[in-house]
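Report on one structure; see the data block that follows.
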Amino acid sequence: MADSRDEPLVLGIETSCDETGVGVVRGTTLLADAVASSVDEHARFGGVVPEVASRAHLEAMVPTIQRALKDAGVAASDLDGVAVTAGPGLAGALLVGVSAAKAYAYALGKPLYGVNHLASHICVDQLEHGALPEPTMALLVSGGHSSLLLSTDITSDVRPLGATIDDAAGEAFDKIARVLNLGFPGGPVIDRYAREGDPEAIAFPRGLTGPRDAAYDFSFSGLKTAVARWIEAKRAAGEEVPVRDVAASFQEAVVDVLTRKAVRACKDEGVDHLMIGGGVAANTRLRALAQERCERAGIRLRVPRPKLCTDNGAMVAALGAEMVARNRAASDLDLSADSSLPVTEPHVPGAHAHTHTHSHDHVHEVAKDNLYS
Ligand code: KG4
Ligand code: ZN
C-alpha cells in the first residue's frame, strides 16, 4: 500500500444550513471535524432562520477553519485542495462557505472543489467504514431531504430512485416535536422520549406503502396530520397526551417505511450494501430496525456514527479527497452557490473542465483568468 501521506489532504467547508462545519481529511482518514452550530439561536423561532444562520456562519468561519487545521496538526500550505458545499441548501448560508473556500483556495494556490451536500452525506461513511462499495445504495434522511440513491461512483454517478413527495423525514420529526411542545430540533428529543414509549400504542399511517404506490417514494405529510389530529382530539377531550407513546408510535411509522423501502430497493437492484446518512440517521430506532431488517435480508448495513450523520465539514472534505484521488476536474474560482444543486451532480466542475494536476501554478493561472477576464 502507498504511504498514507500520498493520499490527498483536503479541507472541507460546510455551511448549507445552521452548522458551520470544517473538516480535514487525508484520503479516507478523518483528521479533524470542527463544528460551530447556531442551532440555539434558531430554537426560539422553531426553525432555522436563514439570515440568522448566514450571520452566524460569517462569525464562525475563520475561527472554525483555524481550529480544524490546529486539531488536524497540519498547515494550510500542506493541503492538496479545498472542498466546499456548493449546494443544495440555504442560498445565503452556502454563500459564506463558498466565499471562504474561494479565498483560501486562491490565497493558498490550491484547487477548489464545489461539492454536493447529499453526495457528501454518503461519502462521509468512508471515514468510518473504509472505501464505499460500488454500487452503494444510500438512504439519505435529513431535515431537507429523504431520498433513496444508487451510486456506482460517488464522485460522478448518483442516481435518484425515489424521494419524498412532501415533507422530509427530519422535517416531520421537527413538526411533531413542535406540536408536542418539545422544542427544536425535534429529532433528538423525540428519539429520547420514544425510548420510554410504546411504538405500538397508536397505529399511525404508513405513507405510500399501498400496492399501487411508487415503490421508492416517501410521504410524511399525511402522517404528520394524523399525529397532530390525534393530539388535538386528546387535548379537546381534556385528556393528557401520552407524549412518550405518541413519540414512539410516530417514530415507528417513519422508520418502518424508511427501512422497508430501502431494503426493497436493495433487493430489487441486487445491491448487498445499504448506507444510511443524513441527520435522521442519528435516530436510535432507525439504526436498530435497519440493522434487524438488513440482517434478515442478507444486506450489509453501513451507518456512520451520529456526529458524522448530522451536517459537518468532514463529509465535505471526504468527498473532496475522493475528487482529488479520482482526478476529477476542480471547480473554477467563480464557482457559485446553487441552492438547488441537483443530487445527480456530485460536484461542480469548472467551465474549463481542467483535470486537477498537482501543479499549483496551473490553478493560479485559472484563478487569474477568472479574476481578470
Ligand atoms: O443532515 P442534517 O444535520 O441537516 C440537514 O441537511 O437537514 O439533519 C437535520 C435533521 C433535523 O430535522 C433533525 O431533527 C434530524 O435531522 N435529526 C434526527 C435525529 N437527530 C437529528 N431525527 C431523528 N432522530 C434523531 N436522533
Ligand atoms: Zn445535511
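Cβ coordinates come from backbone N, Cα and C, glycine included.
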LEU140, VAL141, SER142, GLY143, GLY144, ASP174, GLY187, ASP191 bind substrate in TrEMBL, but which of ASN283, ASN312, ASN327 does that record place at the same site? ASN283
According to TrEMBL, which candidate in ASP311, ASP332, ASP334 joins HIS117, HIS121 at the Fe cation site: ASP311
Please name the residue among the binding-site residues HIS117, HIS121 whose C-beta has the most neighbouring C-beta atoms within 10 angstroms. HIS121
If you check the binding-site residues LEU140, SER142, GLY187, ASN283 one by one, which have a CB less than 6 Å away from any atom of ligand 1? SER142, GLY187, ASN283
What's the CA to CA span in angstrom from GLY144 (substrate binding site) over to HIS117 (Fe cation binding site)? 11
Across all protein chains shown, the binding-site residues GLY144, GLY187 give the max Cβ-within-10 Å count at GLY187
When the Cα of HIS121 (Fe cation binding site) is compared with the Cα of each of the binding-site residues LEU140, SER142, GLY187, ASN283, which one is closest? LEU140
HIS117, HIS121, ASP311 excluded, remaining Cβ within 8 Å of their centroid (Fe cation): GLU14, SER16, THR85, LEU118, SER120, SER142, GLY277, GLY278, ASN312, MET315, VAL316
Just to confirm: which same-chain residues, 6+ apart in sequence, have a Cβ under 8 Å from the Cβ of LEU140 (substrate binding site)? LEU118, HIS121, ILE122, SER146, SER147, LEU148, LEU149, ILE276, GLY277, GLY278
